[in-house]
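Asker: TrEMBL feature annotations, pasted as is:
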- 12-29: transmembrane segment (TRANSMEM)
- 15-148: domain 'EamA' (DOMAIN)
- 49-64: transmembrane segment (TRANSMEM)
- 76-94: transmembrane segment (TRANSMEM)
- 106-125: transmembrane segment (TRANSMEM)
- 132-152: transmembrane segment (TRANSMEM)
- 157-286: domain 'EamA' (DOMAIN)
- 158-176: transmembrane segment (TRANSMEM)
- 188-209: transmembrane segment (TRANSMEM)
- 215-232: transmembrane segment (TRANSMEM)
- 244-264: transmembrane segment (TRANSMEM)
- 270-288: transmembrane segment (TRANSMEM)
Amino acid sequence: MSIPAAGAKSDNIARGIVLSVVAILIFGLQDAATKMLVESYSPFQVTMMRYWAFGAFSLWLVSRQGPITRAFASKVPWFQVARAVLLVADIWMFSTATRTVPLAELQAMILIYPLLVTLVAIPILGETVGIFRLSAVGAGLVGALIIIRPGFVPFEIGVAYALLAAVCYALYIAFTRRVAREDSTATSMAYMGLIGLVLTSGVGIFFWTPLDGPGMALTAFIMVSSVSAHWLMIEALTAAPASVVQPFNYMALPWGIVLSYLFFGHLIDTVALMGGLVIVLAGLAVMARERQLALRRGRLAADLQARGSTPPAPQEPPAARR
């Protein structure tokens, strides 16, 4: 019986990887459509229309698990509100950045967010970060500087928006980990969906411009792609561990390069590509280190349980240098 079980587990992991890759491809197409839309419409309007689909999808998922009102019973409501606002701010900033920053360079800069999570997790989650991960974060920041090239090329305001988007998303992930200690996934989805709908609609309505035919088509695609990509990512994380799926997020860079060339005729320059590769390698190094530490904590907990001792709390691992 053990052989079929192992085979099923392997199949699930393969399925999770495939679903995550497809989700990343769809997210990339969504970004390309967003870049086309913001050439004629406000990023606030585009974000609002995107949230009409994504927010409704989030609330629908919550409703399948029980009354929606029950899902809003949070132990940390202000953290939930901050988390939802940060995600909206991230999309606002990213959409604005697409107006002036080529898609390939934009993806390269945004991918610094996993490294920023390592930094913001120190004050928000109380994590201890050792020299290895700090060095990787430093290398990633150097990669970002290589792309930006301050003093060598004119500063583009879109770059500032891209970096702010990465910061907002990193904070969003840290807050997501924080609320996961207290609240259910349904509660997090409920706050994210409702607050996102209210905030984006409350702002976006003041920037409304009637859509023409191409605008309607692109908007419809963004709505469908937003829901489908998030659904695929949820299914991927259900089938395979996050530690297996996460590294494939970096496929956003080569996919962004392809889309930037196909839709906008832009080919990333060598220097920006080098900076992007530095960021990707630094991020993968951090992921590998975190996985190594998680395995070490798991072995220690199993050993303590075998001896009849109480294992340490997961958020306070043994003194291992990161």
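All positions are counted from 1 along the displayed chain.
Even glycines carry a Cβ here, placed using N, Cα and C.
Source: prediction; values computed, not measured.
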Asker: Same chain, outside the transmembrane segment (49-64) by at least 6, Cβ under 8 Å from its Cβ: which residues?
Answerer: 34, 71, 88, 91, 186, 189-190, 192-194, 196-197, 200-201, 204, 219, 222-224, 226-227, 230-231
Asker: Report, as numbers and ranges, every residue of the chain located at least six residues beyond the transmembrane segment (12-29) whose Cβ falls under 8 Å of a Cβ in that stretch; write 'none' if there are none.
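Answerer: Hits for the transmembrane segment (12-29): 107, 221, 225, 228-230, 232-233, 235-241, 244-245, 248-249, 251-252, 255-256, 259.
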Asker: When DSSP states are grouped into helix, strand and coil, how many residues of the domain 'EamA' (157-286) land in each?
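Answerer: Computed counts for the domain 'EamA' (157-286) are 114 helix, 0 strand, 16 coil.
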Asker: Along the domain 'EamA' (15-148), what average pLDDT does this model show?
Answerer: 90
